[in-house]
Each structure stands twice: as C-alpha cells, then as structure tokens.
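Peer 1: Here it is: the structure, laid out below.
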Number of protein chains: 2
Amino acid sequence: MSTTAVTTARIVRSITELREHIRQYRLQAGPSAAVGLVPTMGFLHAGHASLIRRSAEENGLTVVSVFVNPLQFGPNEDFECYPRDEARDVAIASEAGANVLFMPEVTEMYPNPPKTSVIVSGITERLCGASRPGHFDGVGIVVSKLLNIVQPNRAYFGMKDAQQVAVITRMASDLSMPVDIVPCPIVRDSDGLALSSRNVYLSADERSQALILSQTLKLVPSWVEEGIAAAELTRRIRERIQSQPLSDIDYVEALEYPDLTPPAAGASLRTLLHQHPLLVAVAVRFGKTRLIDNILLTQKG
Amino acid sequence: MSTTAVTTARIVRSITELREHIRQYRLQAGPSAAVGLVPTMGFLHAGHASLIRRSAEENGLTVVSVFVNPLQFGPNEDFECYPRDEARDVAIASEAGANVLFMPEVTEMYPNPPKTSVIVSGITERLCGASRPGHFDGVGIVVSKLLNIVQPNRAYFGMKDAQQVAVITRMASDLSMPVDIVPCPIVRDSDGLALSSRNVYLSADERSQALILSQTLKLVPSWVEEGIAAAELTRRIRERIQSQPLSDIDYVEALEYPDLTPPAAGASLRTLLHQHPLLVAVAVRFGKTRLIDNILLTQKG
C-alpha cells in the first residue's frame, strides 16, 4: 500500500456490530490494543480531522462517531437543520485515519426515551449551560453512552467547547470511567475564525464581522498582563465585539478553569493565574448563527 | 485440591490494583473471559453468599465489593453504625467462591466530593426513594463507579431491594453499559425473615414480630387472585402488619414492575398481571430498625 492510499473507514450503524468489531480488534491486538474515540455531530471540518489524526497516531483503532444528538438541542435550536453530509464525513474521517465510523440512527441510540440523567453540577450552570438549558444533560447522556459502547482508552474533544471538555473530564473522573479525556487545541481558518460546522450558516458580511472574536481574544494575554480584574477584561472584550454592528453578545466571561468559578471580584487576573488556569470564553450571535470561541490562559514557567 | 478447600479471596484496596488484576485475568482467559461483580455493603449473610455463588458459577472471575457508601445514607440514617466485620466478610465471600474482594476506603472511591449525579427519574420517586431522599442518587453514582472500575460482564443484585434492581437495570440500559444486571431471589431465614445486614439490630421481640412481613406477603398471591384492586390489597396488608404492636409502617405499595407506576385506581390486579409484573413492597420499622420486603408477581402460563 502506498503512503497516500486511503482506506475507507468501515461504516457501522448498530451498537451490537460496533461492540463486536471492537472486541475482535482487542482480541487480535492483545495487550497493546488501544482504542480512540472521536465523538462528533458530523459535518466534519479540519478541527475534527485534527482530533482524528491525533487518535490515529495514539491508538491502534480509531472510532469516529457521527451522531446529531437531539437531546442536546433546545426546542428552538437548530436540530432539524443542523448541517449533515454523510459522504463528505466518510471521506474526511477516512483521510484523517479513522478505522470505523459509527453512524447510528436516533432510534438505535434511544430506543426508549431515557429516564436516566447524568448531570455535572457546578460546572454546567454558566456559559453555554446558562444559555442552553438542558444542553449539558444531553451531552452527559450521549457521551456516557458512547464511552460505554466503545470503551475507548482515550477520547478526543476540541477545546473550542472548553466547557464541554471540563464537564466531560469531571464526569469521567467522578464516575471512574476508564478513559483518558484528551483535550485538543482549537483549529482556526487562515483568517482566525474558529472552525465550526455552524460557520456554513454565516453570510459573507456576518463571517467577516465574526473575525472580531478571535482578534479580540488574541489581545487577552496582554490585557491580563496589565493586572486588570475580570470585570474590566470582559468590559474591554464586549466593547470591541460590539464595534461590529451585526454582533449580538450572548456571554463574555472570565472564569477559573476547569471548575468554571468566577474569580474574586476585583482580583488581578495576572495574580490569579499563579493558582488557576483562566478561561476567557465568548458566545456571540451574528444573524441567526451563534458562535463560540475562547482562550485558555495558563501560568508559564 | 480437595473440593472442600477454600482459597481466600485476594483483598484489593485500590482502584488501580483492581483494574490491573482484572486486566491480567482477561488477557490470560482470552475470548472466554467473564467477570462477575457482586456489589455489597459488607456484613455479608447467606443472601450475599447466594449472589456470589451464582457469579462464581457463571464467570471465571468474581469480584465482590465491600463498601459502605456514605452517599446513599441520609443525615439521620445509620451510616456510622452500619455493621462492619471485615474478617467475617472475607471468610464468607471466599467460601462462596469470590476471587477478589474490593474493599476501598471512602477516600479511594471519593477523593473529591463528586459533582456528577446519575439520576433515574420516574422509578426513584416512590418506595425507598420517597422515604430516603437522595438515597438512589448515592446508589446511582456508586454503582456507576463500580461498574466502570470492574467492567463486569454480569452484576448480581438481590431482589430484596427490588426498586434498586429496577433503577440499576434502567440506568445500565439507558447509558448503554455493557453489563447484564442479574436479579437474584430473596434469601430468607428458616422462619421466613428476609435476610438483611440490619437484622442484627433487632431485639428478640422485634424480630419475632417482624415475621409478620413475610407471613403477610405470602398471602398476596391468593388475595390478588380474588380480583381485588391495589387499594384493597394494601389495606389488608397494613391491617395485618399493624396487628403487631411494635410495627411502624413506612410504606405499603402495589406497583407495576419495573417502571414502578401505580395501577389504575380500582383496576383488578389479577387482570393487570396479564400486562405487567406486579411488585408488592413494604417498609416497616420495628423499634429503630427499618426493614424492607416484597413479592414480585408475574403472570404464569
């Protein structure tokens, strides 16, 4: 096989078949078996591809799930029109090194409405948890299910949804799930826009104005270095974002990471960084499209 | 080795060591590997022994966990004085065929107060869920953890706590946990009293009067056969239990199983049995000791 040949990932739709495939792999691979899971809602982009590539480097078998999970969408959100393109997903995932694509129907994942909730309190009340009630309950159950079905050694999540990473890491730890949750860096377009399946909704004007998010977040490290507090930081961020007339801010927050608690009022964020990483996260609508972006600051040296 | 020789089960206190032991077993046993888990709070009796024996028959490795889980006790319950006897537990579990006894400290299971809850709604609002607020949240998290740590093929639970079996079965199904939840029959003393670690609390008088529970539940099938409704059935049960002066009824309920929904008012339970199993469950205090017992009726032929 030449190094440029791409083997198309196997498409699996049933939980039983997926489990059997993974069982066979583990039996054959023996003690060195390692399974990576990349959970996605499909409509894959280079951000997803970076997770898949990382998993393929670190594991003998990489499973990519493509499942638009109805339980994590609110009643007025975009579940029905969330972008889907299965053939494209198969091509991108295969190219990036996926071995198996798990693409279940909703009825396969939820044969009955679940009575069980997996709730992570404390971490889910702010940011997207506040803007999207029930969202993280839906994430909790679907990620629990995927982890229980695949039983991966490692599961890969993009830091664009930093709160999701915090929630899932805490859930896995609290429930003693035998998996490493691997956070991966945000992937950006050449103009700085964080990649998102929802970017396809943006008009040319909206997209151009949305660049204010990454441009503003880039300034955060130097602002923090000035010794300002969270209130001043978020004021400056809001001011810059609001300079774009199509922007409609949902939230701008600076929180300790990964517990997502607010810093003491008035405290210097520069000083705080000695003790905790700091997440600065924004959610902003441009037209009907809600975008999120963030920067995670950690103490260096 | 003679057939009467008993190998003492290996005692394991750390999650890491337990996982490694199970991993080694699975590697050696290969495709026929099968792990059974019997979760207990210790102070083992013949009821636990029956679960352990069943697991030892059906699996190559049987893990018995002994952990008095603080999260499933209410603030005014008996966590501190819950009976404990480790040496006796080791002897009973080994005799019944346990290979590994997992006996973690509270700090091993909960290094931090968990932020994650696993809640099964609908099934947990009645019976012990109503009498013991938070009890099933504590059960949900500890059973999730034990299942994630051991990853057993089968987990064994006694039907004395029928609601717990219903809750855990539903949780495992909703979360796609790769385990068979195996319900096992109630084990009774020769006088009919359902075995419970809490029976040691009973005075001679209390114990003698507590026999009314099993004696009354034995009459349930013939009463149901008369075509009576739930209200009349629970009235008769209450009346008989109250004939014992030391009894103090917490609940007496007849519910469809496993969803634990009340039958339609006035409906004949005999007719109902054509569609659903029927759980008749009681919780009664004798002195300070709260006992539970039940009978599960299913349609025959």
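We count from 1, first residue shown onward.
Backbone N, Cα and C atoms are what each Cβ position is placed from, and that goes for glycine too.
When I checked TrEMBL for this same protein, it listed these features:
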BINDING   A:41-48, A:158-161, A:VAL187, A:195-198  ATP binding site
ACT_SITE  A:HIS48  active site, proton donor
BINDING   A:GLN72  beta-alanine binding site
BINDING   A:GLN72, A:GLN164  (R)-pantoate binding site
Peer 1: Given the recorded positions A:HIS48, A:GLN72, A:GLN164, state which is nearest to A:VAL187 (ATP binding site) when distance is taken between Cα atoms.
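Peer 2: Closest by Cα: A:HIS48.
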Peer 1: What number of additional C-beta atoms lies within 10 angstroms of the C-beta atom of A:VAL187 (ATP binding site)?
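Peer 2: A:VAL187 (ATP binding site) is surrounded by 18 other Cβ atoms within 10 Å.
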Peer 1: Tally every other Cβ atom lying within 10 Å of the Cβ atom of the residue listed as 'beta-alanine binding site'.
Peer 2: 21
Peer 1: I'm trying to understand the geometry here, so how far is the Cα atom of A:MET159 (ATP binding site) from the Cα atom of A:HIS48 (active site, proton donor), in Å to the nearest whole number?
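Peer 2: About 11 Å separate the Cα atoms of these two residues.
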Peer 1: How many neighbouring Cβ atoms, not counting its own, are there within 10 Å of the Cβ of A:MET159 (ATP binding site)?
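Peer 2: Excluding its own Cβ, A:MET159 (ATP binding site) sees 19 Cβ atoms within 10 Å.
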Peer 1: Around A:LEU44 (ATP binding site), which residues of its chain at least 6 apart sit with Cβ under 8 Å of its Cβ?
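Peer 2: Those within reach of A:LEU44 (ATP binding site), by Cβ under 8 Å and sequence separation of 6 or more, are A:VAL66, A:ARG88, A:ASP89, A:ILE92, A:ALA93, A:SER197.
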Peer 1: Who sits close to A:GLY47 (ATP binding site): which same-chain residues at least 6 apart have their Cβ under 8 Å from its Cβ?
Peer 2: A:GLY158, A:LYS160, A:ILE186, A:VAL187, A:ALA194, A:LEU195, A:SER196
Peer 1: On the three-state reduction of DSSP, what should I expect for A:MET159 (ATP binding site)?
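Peer 2: DSSP assigns A:MET159 (ATP binding site) to helix.
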Peer 1: Taking 10 A as the limit, how many CB atoms besides its own sit near the CB of A:SER197 (ATP binding site)?
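Peer 2: Around A:SER197 (ATP binding site), other Cβ atoms within 10 Å: 19.
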Peer 1: Report the same-chain neighbours of A:MET41 (ATP binding site): residues 6+ apart in sequence with Cβ closer than 8 Å to its Cβ, ordered by sequence.
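Peer 2: Non-local contacts for A:MET41 (ATP binding site): A:VAL66, A:PHE67, A:VAL68, A:ASN69, A:TYR82, A:SER197.
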Peer 1: Can you see whether DSSP assigns A:GLN72 (beta-alanine binding site) to helix, strand or coil?
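Peer 2: Assignment for A:GLN72 (beta-alanine binding site) reads helix.
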Peer 1: Within 10 Å of the Cβ of A:HIS48 (active site, proton donor), how many other Cβ atoms can you find? Include all protein chains, please.
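Peer 2: Total other Cβ atoms inside 10 Å, all chains included: 28.
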Peer 1: For a quick check of packing: other C-beta atoms within 10 Å of the C-beta of A:GLN164 ((R)-pantoate binding site), how many?
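Peer 2: For A:GLN164 ((R)-pantoate binding site), the 10 Å Cβ neighbour count is 25.
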Peer 1: For A:MET41 (ATP binding site), just give me the three-state DSSP call.
Peer 2: coil
Peer 1: Could you give the Cα-Cα distance between the residue listed as 'beta-alanine binding site' and A:GLN164 ((R)-pantoate binding site), in whole Å?
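Peer 2: Each residue's Cα considered, the residue listed as 'beta-alanine binding site' and A:GLN164 ((R)-pantoate binding site) end up 12 Å apart.
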